[in-house]
Every structure is written in C-alpha cells, then in structure tokens.
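Trainee: What TrEMBL shows for this protein is this:
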type	residues	note
BINDING	32, 33, 34, 35, 36, 37, 145, 188	ATP binding site
BINDING	58, 79, 80, 81, 106, 107, 108, 109, 149, 160	ribonucleoside 5'-phosphate binding site
BINDING	113	CMP binding site
Ligand code: UDP
Ligand code: MG
C-alpha cells in the first residue's frame, strides 16, 4: 500500500522524479546462466526485490493484455520485446513495491533497452552482475529444467544464444567500460556460484556502510 507521500513522490504521470530513491542492480548473463536461481538467493540474504523481465513479460501474456500475442510470438522466436513494453512493466513493478532495492534480471538485453530504461526512469544501475557461462553448459541446463517454457527447445535456444552474443554482450561491454561489471564464473555448481555472488554483495554493502 503506497502512502500519500509515496504517491506524491511518484508524480502525476507515474514517473519517477526522485530516481535516486531506487537502487538497482542489473543481473545479466546468457539464457540458462543461473540468473533466476541466484537472484532468489540474493533476495533471501540481502533484502532486494527480484524483478525478472522475462517473468513480467510472461505474466503480461497470461493477463490477457492487448500486447500478449505480440510478446508471446517474440519470446517463442527468442527476440527482444520492444523496450517500451518492458520498461513500463519494470517501472510499474518498482512503483508498486514497498522496497527500494531491486535486482533486475534479464534486462537490459540490448542498447535500446538500456537507453530507454535510463531515459524513462533516470535510474543508473549501481553495478551489473554478469553470469559468465559456456553455451554448452547453458544448453544442458535449459534442456533439462522442464519449466514448461515454449522457448526452452533447441531451436529457440540457438536463437537466444545468438541474440545474447549480438545484442546483450555489447550492453555488458558498455557497463564494463564504466567499471560497473562484476563478472562471475557461472558454470560451477549453484552453491559455489552463490559464494562468489555473496562476496560481491557483502563487499558492496561494506563500502556503503563505511562510506
Ligand atoms: N525478453 C525480452 N526482454 C527482456 C527480457 C526477456 O524480450 O527484457 C524475452 C526474450 O524473448 C527472451 C525471453 O523473454 O528470450 C525469455 O527471457 P528470460 O530472461 O526469462 O530467459 P532467460 O534468458 O533467463 O532464460
Ligand atoms: Mg530467467
């Protein structure tokens, strides 16, 4: 439930005039690199709210929204949904949350996503957590996870890998050039990867406390 003050802070158009209010970490990595799994762990230990762009898009399909069919077709093809749609969903989810710390998982997927998010929300991410994993390992995970997703088939997986290399890696490189990328070897077992993730969040938190 938002208070009157919250409502005022959000502005008449639902925009975020006070963008500094939100702390955002982008969680990026190829399909099957473990973003969702590790985000659940981070939420538990560090009090963030997890926003998976893919989950928000899938919920939008289920809700019977007018964009539903378009989103469904793009996901089936491994294509990137127009920024306008995804940014709106993310922005709404942040506004509706009582938290001010968000893990945004699986977004931005291309330069256009990145620019649209920064322009619309005014938010610059604290840092980017990059799960680095081989396609061989990611393919194995995707084909064995059985989440009933119609994009976890070998044909769509290949397309998603291509989109990741062509469109998403440049975003990671962009943030790398700004010194904002924390890269993790994500090919290891879940517990080992989380140990590395934990070290990063602990270090960042300590820096904040010390100032
Ligand atoms: N997707 C998108 N924009 C986003 C996030 C996801 O267009 O910001 C679409 C895209 O088609 C992608 C699919 O949703 O292939 C699944 O994304 P998700 O992040 O759920 O899958 P993951 O890459 O984590 O396996
Ligand atoms: Mg995911």
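Just so it is clear, glycine is given a Cβ too, placed from its N, Cα and C backbone atoms.
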Trainee: Of the binding-site residues 58, 80, 106, 149, which one sits closest to residue 37 (ATP binding site) when you measure Cα to Cα?
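Mentor: Comparing Cα positions, the candidate nearest residue 37 (ATP binding site) turns out to be 106.
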Trainee: Given the binding-site residues 58, 80, 106, 108, 113, state which is nearest to residue 34 (ATP binding site) when distance is taken between Cα atoms.
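Mentor: With Cα distances computed to residue 34 (ATP binding site), the winner among 58, 80, 106, 108, 113 is 106.
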Trainee: Count, for each of the binding-site residues 36, 108, the other C-beta atoms lying within 10 angstroms of its own C-beta, and report the residue with the smallest count.
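Mentor: Among the binding-site residues 36, 108, the lowest count of other Cβ atoms within 10 Å belongs to 36.
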Trainee: Whole number in angstrom, please: the longest C-alpha to C-alpha distance across 32, 33, 34, 35, 36, 37, 145, 188 for ATP.
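Mentor: The two farthest binding residues have Cα atoms 16 Å apart.
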Trainee: If I take the Cα of residue 108 (ribonucleoside 5'-phosphate binding site) as reference, which of the binding-site residues 33, 35, 188 has the closest Cα?
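Mentor: The answer is 35.
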Trainee: I'd like to know which of the binding-site residues listed (34, 36, 80, 106, 149) lie near ligand 2, counting only a CB under 6 Å away.
Mentor: 36, 106
Trainee: Give me the CA-CA distance between residue 149 (ribonucleoside 5'-phosphate binding site) and residue 33 (ATP binding site), in Å, as a whole number.
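Mentor: Between the alpha carbons of residue 149 (ribonucleoside 5'-phosphate binding site) and residue 33 (ATP binding site) there are 16 Å.
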Trainee: If you count the other Cβ atoms within 10 Å of each Cβ, which of the binding-site residues 33, 37, 113 comes out on top?
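Mentor: Output for this query is 33.
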Trainee: Between residue 188 (ATP binding site) and residue 106 (ribonucleoside 5'-phosphate binding site), how many Å separate their Cα atoms?
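Mentor: Roughly 20 Å, rounded to the nearest whole number.
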Trainee: Determine, using Cα-Cα distances only, which of these binding-site residues is closest to residue 33 (ATP binding site): 58, 80, 106, 113.
Mentor: 106
Trainee: Can you tell me which of 35, 106, 149, our binding-site residues, come within under 6 Å of ligand 1 at the Cβ?
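Mentor: With ligand 1 as the reference and 6 Å as the Cβ limit, the list reads 35, 106.
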Trainee: Spatially, and counting Cα to Cα, which of the binding-site residues is closest to residue 35 (ATP binding site)? Options: 58, 80, 106, 113.
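Mentor: Considering only the listed binding-site residues, the nearest one is 106.
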Trainee: Expressed to the nearest Å, what is the distance separating residue 36 (ATP binding site) and residue 80 (ribonucleoside 5'-phosphate binding site) at their Cα atoms?
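Mentor: Here the two Cα atoms are 18 Å apart.
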Trainee: Looking at the binding-site residues 58, 106, 145, whose Cα is closest in space to that of the residue listed as 'CMP binding site'?
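Mentor: Comparing Cα positions, the closest of these binding-site residues turns out to be 106.
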